[in-house]
Amino acid sequence: MISFILRRLASAVPTLFIVVTISFFMMRFAPGGPFNLERPLPPQTMENLNRAYGLDLPLWEQYLRYLSNVVHGDFGPSYVYRDNTVDQLIAMGLPYSIKLGLLALLLALIGGVAAGTYAALRQNSLTDLLVMSVSTVGVTVPNFVVGPVLTLVFAVILAWLPAGGWGDGSLRFLILPMIALALPQLAVFARLMRGAMIEALHADHIRTARAYGLPARTVIVTHAMRAALLPIVSYLAPCAAGLLTGSAVIESIFSIPGVGRYFVIGAINRDYTLVMGTVVLIAIFVIVFNLVVDLLYGLLDPRVRHE
Amino acid sequence: MTARTNMKSRTAQAATATGETILAVRQLKVVFDTPDGAVEAVKGVDLDVRAGETLAVVGESGSGKSQTMMAIMGLLAANGRASGSALYRDREMVGLPIKDLNTIRGDKITMIFQEPMTSLDPLYPIGRQIAEPIRHHRGGTAADARARVLELLELVGIPEPARRIDSYPHELSGGQRQRAMIAMALANEPDILIADEPTTALDVTIQAQILTLLQSLQKRFGMAVVLITHDLGVVRHVADRVVVMRRGEVVETGTTRAVFDAPKADYTRMLIDAEPSGEKAPPALDAPVILQGRKVRVDYKIAGGFLKKSGLFTAVHGADIHLRQGQTIGLVGESGSGKSTLGRALLKLTPSSGRVLFDGRDISGFDRKAMRPLRRDMQLVFQDPFGSLSPRQTVGEIITEGLYVHEPQLSKAERDARAVAALQEVGLDPTARNRYPHEFSGGQRQRIAIARAIILKPRLVVLDEPTSALDRSVQGQVIELLRGLQASHGLSYLFISHDLSVIRAMSDYVIVMQGGQIVEEGETAALFSNPREAYTRALLSAAYSR
């Protein structure tokens with residue numbers, strides 16, 4: 001078990017190296033640079049800036065320098081937010097994104113599993129159709145529509161909840177962004193769960209459990225649901241990594257000071273270091289959650305347990 | 001052969017099993033609602049189960065024998081409906097609400113199933129699963145239930161029960177899993193145990209052990225056993241009374257002796273006669289050797305991972321084989337014996353070491369491209385006629401596909417003529433070539449697979465369990481067909497099977513494999529009448545003690 005975790009963490013190093021390398025060069029081959037503003041800077045200023053940030057060095061030297069900084073945990077200064085380093089920006093924004101993301105993940109998971117199970121147990125009935133139609137809507141309607149509509153209804157018209165901002169971080173402020181962020185994932189979970197549950201209910205060992213007179217609740221919860229959760233758990237890793245590293249759209253609509261916006265702002269302004277920092281952050285989350293999911297998988301399914 | 005003597009001991013037992021009727025099924029019907037309308041799977045079945053007896057319900061696939069029991073137990077699929085009556089000790093089970101049904105099933109009436117792997121939940125230790133119905137029906141603490149489970153595991157002969165109680169199904173062998181299922185079935189000392197093809201998925205030597213176990217436990221607990229099976233050998237061996245079913249109806253009921261000695265229904269007689277018979281004469285002494293394997297060895301790499309060691313598994317340990325023109329070599333063994341792997345290695349379909357000679361040419365070093373012209377001479381027929389035919393091609397396309405590669409000069413009309421001829425040869429209507437595989441039965445599909453092989457006029461055909469997925473009566477027809485084709489085309493067969501009666505009817509030479517090694521070989525008649533090795537004897541006695 002411990003050796004499995006260590007092995008997996010060790011294998012993350014080459015993965016991260018490849019991610020850093022590819023995104024570094026892709027970013028650099030994109031036209032423009034951090035100081036190409038609408039009104040061009042005087043050549044002298046441009047030169048000074050480039051020198052100050054080391055952008056005048058040959059590309060491979062910049063790459064090596066960046067690599068050695070990253071190894072030491074230093075993502076460098078931001079070109080857009082000139083008063084801050086990328087590390088500072090992430091440290092400031094990440095807690096907001098994680099808190100919102102975790103809540104949204106919980107909502108999506110619980111809601112999706114419940115809705116999917118409910119639909120599966122009433123396969124092809126009207127309620128099943130209804131749950132599945134709603135979840136199709138959940139997947140297809142983009143969150144930049146869901147967000148403003150929620151704000152309009154619950155903040156503007158009904159005035160039950162604040163329209164945006166973090167406030168004191170209490171649940172009141174988080175409900176609307178949480179729902180907007182969770183909805184598409186909830187729909188995905190519901191569809192996955194329905195399919196997996198229908199399949200699980202057809203398994204031979206479910207017939208055995210029924211043949212032995214076990215009550216419906218035991219058959220469904222103990223025997224069918226555990227098997228049906230396996231595909232859900234597999235999807236958990238990319239989903240959690242996506243939600244916890246913040247959503248640019250949701251954080252902008254609800255004015256939440258998370259890290260989600262940095263990727264878009266950084267990419268538009270060619271803020272090399274900020275984009276790189278965000279990419280590495282997301283990569284780390286994906287790797288960590290994949291590991292967590294593999295461990296969870298082993299917990300649920302003895303056949304893939306790691307000795 | 002030994003059936004007669006067994007019958008005697010059965011009659012002695014049958015006399016003691018004159019208990020009262022505890023399950024009376026009358027006019028039981030099962031209907032399935034399908035998109036094509038209602039399908040009647042069981043059409044008014046009457047049968048009685050008496051206390052302490054063994055009742056065999058016999059029939060081929062589609063006879064409704066399983067669905068009859070499923071209906072009684074309330075286990076029909078969602079689109080199935082049961083009507084009629086099934087009285088268990090004066091309680092009507094058909095239409096009983098689930099809640100009330102749950103007081104009978106798992107307590108008074110229990111079941112074991114064909115596939116012990118999938119019938120147990122893979123996610124829980126067997127001990128927990130066996131304890132579940134005990135605690136549900138009898139109550140008591142978890143510790144009591146665990147003690148009872150230990151007792152049961154001991155009783156059904158699982159080694160080291162204290163350790164095995166916490167094992168997961170995938171950690172047990174097939175036979176052990178079925179033993180665990182039996183332990184679960186016995187836990188509440190039921191009145192009736194329904195065994196639905198309990199040994200079909202097991203190797204013959206394990207089959208015999210499980211049947212013996214079931215018999216001894218039945219004697220000890222005095223329960224009635226309803227044995228659902230297609231295997232008449234098993235029936236003859238263990239049943240007191242027999243119900244023969246066909247297409248949802250009971251065609252004959254009687255004591256085992258009466259049914260086997262003087263079957264009243266034509267169908268029953270046909271089933272009994274369907275046991276493979278006949279033998280094959282060896283080829284002429286001067287017949288040339290067509291396929292030769294010398295020290296053929298197959299190793300599989302067990303994949304390692306990042307920072308993880310990989311291993312090596314030897315599936316075949318250096319086998320020698322000489323197949324002559326017109327000969328049939330039967331390759332026998334239980335699952336995992338390496339018989340299929342050896343067959344594939346000889347066809348160069350799996351990497352192997354050692355030497356393989358085809359028609360005197362050394363083909364050991366041939367790659368895929370070099371093998372291609374030889375492929376038409378060496379064909380392969382698989383076990384599963386459902387999985388081995390593409391569902392998206394017509395039968396005509398399937399059987400003529402090889403002609404495109406090996407005889408590309410043929411015109412469309414010539415290819416079609418060859419397809420017609422091949423289909424006629426395997427006993428199918430030539431119009432079949434415009435239809436799709438799913439429109440055919442298992443036996444017909446296997447004929448299509450054979451037509452695909454012989455259309456190329458091969459010299460060697462490797463038959464990998466070609467009859468194992470088929471009903472006995474269909475099996476007999478396929479064996480006849482294969483024998484006929486061999487005689488008319490001078491084919492050489494490598495016939496791979498776990499079924500000794502089929503091997504005996506098909507081959508003139510037999511090779512017995514175990515654990516990747518050839519343990520014994522010889523001419524069929526000699527090997528069957530006088531086996532030298534203990535393993536061969538065990539196989540034979542397991543298959544023929546019925």
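Backbone N, Cα and C define each Cβ position, glycine as well.
Record features (TrEMBL):
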{"type": "TRANSMEM", "residues": "A:12-30", "note": "transmembrane segment"}
{"type": "DOMAIN", "residues": "A:94-297", "note": "domain 'ABC transmembrane type-1'"}
{"type": "TRANSMEM", "residues": "A:100-121", "note": "transmembrane segment"}
{"type": "TRANSMEM", "residues": "A:141-161", "note": "transmembrane segment"}
{"type": "TRANSMEM", "residues": "A:173-192", "note": "transmembrane segment"}
{"type": "TRANSMEM", "residues": "A:232-254", "note": "transmembrane segment"}
{"type": "TRANSMEM", "residues": "A:274-300", "note": "transmembrane segment"}
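Between the transmembrane segment (A:274-300) and the stretches A:12-30, A:141-161, A:173-192, the greatest number of Cβ pairs separated by less than 8 Å involves A:12-30. Only sequence-distant pairs (6 or more apart) were considered; of these, fewer than three Cβ pairs between the transmembrane segment (A:141-161) and the transmembrane segment (A:12-30) are under 8 A, so the stretches are not in contact.
Sequence-remote contacts of a segment are chain residues at least 6 beyond its ends whose Cβ falls under 8 Å from one of its Cβ atoms, and for the transmembrane segment (A:100-121) they are 127-128, 131-132, 135, 174, 177-179, 181-183, 185-198, 201, 220, 225, 228-229, 232, 236, 239-240, 243-246, 250, 256, 258.
With a threshold of 8 Å between CB atoms, the same-chain residues lying at least 6 positions outside the transmembrane segment (A:232-254) that come near it are 93-94, 96-98, 100-102, 104-105, 108-109, 112-113, 142-144, 147-148, 151, 163-165, 176-177, 180-182, 185, 188-189, 192-193, 196, 260-261, 263-264, 278, 281-282, 285-286, 289-290, 292-293, 296-297, 300.
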